[in-house]
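S.K.: Just passing along the structure, written as structure tokens.
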Amino acid sequence: MSGDHTAQEEALRAELAAERAHADRCRATLDRTNAAAQHRVLEGAGVLTGQHTGEAAGEGVAGDGASAEALGRYLRSRAKEVREEPEGPPFFGRLDFSDGGRGGEEAGEHRGQRYYIGRRRVSEHPSAPPLVLDWRAPVSRAFYQATAREPRGVRFRRRFGWSPNGTGTAEDLTGLEDERLEDGRPAGEGPAGSDESPAGASAAGSALASRIVAGEIERPRVGPMRDIVATIQPEQDDLVRSGPDGSMCVQGAPGTGKTAVGLHRAAYLLYTYPRRIERGGMLVVGPNTAFLGYISAVLPALGEVGVRQCTVGDLLPGHPVRAEDSPEAVELKHSARMAAVLRRALYARVRLPDGPVAVPDGSYRWRLDEDELRAVVEETLAQQPPYEVGRERVRARTVALLRDQAERRAGPPGGEWLRRMGRVKALSGFVDSVWPRVKAEEVVAGLLGDARTLAEAADGLLTEDEQRALLWQGRRPRSPRTAHWSQADLLLLDEVAGLIAHPEESYGHVVVDEAQDLSPMQCRVLARRSRFGSLTVLGDLAQGTTPWAARDWPEQLAHLGVPEATVAPLTTGFRVPSELLAAANRLLDSLPVDVPPARSLRTGGELRTLRVPGADGPTGAVAERVAAALGREGSVGVIAAGARVAAVRRALAANGIAAGTPGAEQEGERVTVVDAESAKGLEYDHVVLVEPAEIAAGGPRGPQRLYVALTRAVSRLEILYAAELPEALRG
Ligand SMILES: Nc1ncnc2c1ncn2[C@@H]1O[C@H](COP(=O)(O)OP(=O)(O)OP(=O)(O)O)[C@@H](O)[C@H]1O
């Protein structure tokens, strides 16, 4: 027996040594290519900006000075990217394809091949077979999808374990885990002693059959979100790799990996459809800066540094916000009805002609009849083009009327004549009178500042009370330029600007996270900026906490401009252990949304409730509980109602405990205090939840906010309370 054992250890050692040698080779290649790339881009940038002579990297690329400078800027920033590309394990998986029998047939062109799979392709020479394939390459898909039941031509799959704090050098490779996916066929050189999971284990059914996957899922969380590229699960992989045509919506319970899927999908699309997506631009939209800070490192870790990540607010016109709306006005300004009111207000500027127009042409005068002019305006209105386009269309069609007359008189006129007629004062004056030039600021200020204008635009859409709530009372500006805009007014300005002309800024693909929380007007901001209507929409109706949060997906998707998007559920959770999820699922039952409950891949969660009487009791107990939690590994999040957050911070400070703000924690800072609303999308190993009844009672969406708070813990949830616990948490 012990002889067997030693032989196994020997085999494993030899196997590890071979894999480490491969890792060394990859590392050396990476170092070489990075250094060369750096050198090349810096040289190129130097040449272009005249700092260098010699090899002219930019010659023939940038003809003039301005574009040479732009290209130089680009190259320098590219050099910076190369420097910033994070180090890490060069590969995380290996696939050996079958070379005979049915497996060989299934393997097709990959028959008998061995591939390493990593975050990026590693190749010594463009014509040599790569040392490592990119995880997004089509063949890598088998790594995520192959199972013993459906091996997809894969004979053998290996996962690599790397020491978590290493930089991916050969010594950091510490473990191997092998699966033989084809029964009855020996795994060749697979080490007898490696950490083998049962051949029958399917990747889908039992992710935890792999210790490396389990370790990744169970690991204590510290710092920002990480990529999951080594452990993407089959149902997630399906979503990550679905094509860019049309749009997709993922309804996922808390911790099922929606955010992770969205970010990996972004990386996948950029890699697979570079022309369409990279050139068109990729936009990732998140709910707040804390969340964006938390997710900001994932795409760069996957090698994608050119993606814009922002909130909807960041896309709006940059006017300073100097006014505050009543809650009623805020809700109205976020509602879909407002879009209809604004459209009417804008097109109310268009007037039908009220008489003929005479156009002088040298000593002659052309005459345009009221009827034909009216037809021009009416037909243009009916076509519903963007306002600016409409204006130019009216001008062009009026000139065409002149052309017809001229043609009848003296044959076809020349191009020069047509251009002159287009600019003639009488004609421009006519265009200005029926289809005046407008600015969004003017339209919105005109609407909110004048009861009659508003009444006309809102007729049948808003009640009189609602109109009163919208009207500027004391703060009527003298001109639109001096208007004091509120945050919600910026939505109105963007809407009108979008009706006047398509926004210049638009994207080839947009990933929207926490999409359930967007108002119809916010959805429209994104719809306007999505060039091809290609969106990945991520959310959970049960976590809708804004006053306008969606209750069903079809309506929300329509506001986003993609009513045809398919809705796919994710229900397997990777964060909240089942012990904690049980309480959250009880609360879910009482929420007014119809979503499937989550089940968890994780167990071993600890739930404690601690009664601390007195209104300040729970706050008073926070410091002691946090201090105790700090005795264990991982991050600690203290979640409380917004009104209590300041007191909780003071209590911690008084006890010498430093606490950060979400998404902006300092290096090594393990404690974060966060209000229930901003906790969305975040996670902590240990959560101290302060006075849940107070969170649940915070407005109509309080229970949803509590649901968010209850689903942030990776391992332990401690509830401190004085007021009676919400029903789901009793017992
Ligand atoms: N396949 C996976 N392998 C390892 N970890 C995973 C996997 N999928 C998700 N996770 C981890 O589970 C946690 C939850 O993922 P994520 O934040 O993407 O979920 P979510 O559905 O967006 O949650 P929420 O609805 O609460 O915002 C993260 O720590 C993520 O890294």
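Numbers here mean position along the shown chain, with the first residue as 1.
Every residue, even glycine, has its Cβ placed from backbone N, Cα and C.
Please treat TrEMBL annotations as automatic predictions, because they have not gone through curation.
Quick paste from TrEMBL:
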BINDING   Gly252, Ala253, Pro254, Gly255, Thr256, Gly257, Lys258, Thr259  ATP binding site
COMPBIAS  96-112  compositional bias 'Basic and acidic residues'
COMPBIAS  192-205  compositional bias 'Low complexity'
DOMAIN    231-577  domain 'UvrD-like helicase ATP-binding'
REGION    80-112  region 'Disordered'
REGION    158-205  region 'Disordered'
S.K.: Would you list, in sequence order, the residues of this chain other than Gly252, Ala253, Pro254, Gly255, Thr256, Gly257, Lys258, Thr259 that have their CB within 8 A of the centroid of the site's CB atoms, where the site is the one recorded for ATP?
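M.R.: Close Cβ neighbours, site residues excluded: Asp540, Leu570, Gly573, Phe574, Arg575, Ala598.
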S.K.: Just checking: which of the binding-site residues Ala253, Gly255, Thr256, Lys258 have a C-beta under 6 Å from ligand 1?
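M.R.: Near the molecule: Gly255, Thr256, Lys258.
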S.K.: Highest Cβ count within 10 Å among the binding-site residues Thr256, Thr259: which residue is it?
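M.R.: Output for this query is Thr256.
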S.K.: Counting by DSSP secondary structure, give me helix, strand and coil numbers for the compositional bias 'Basic and acidic residues' (96-112).
M.R.: 10 helix, 2 strand, 5 coil
S.K.: Around the C-beta of Gly257 (ATP binding site), how many further C-beta atoms are within 10 angstroms, looking at every protein chain?
M.R.: 25
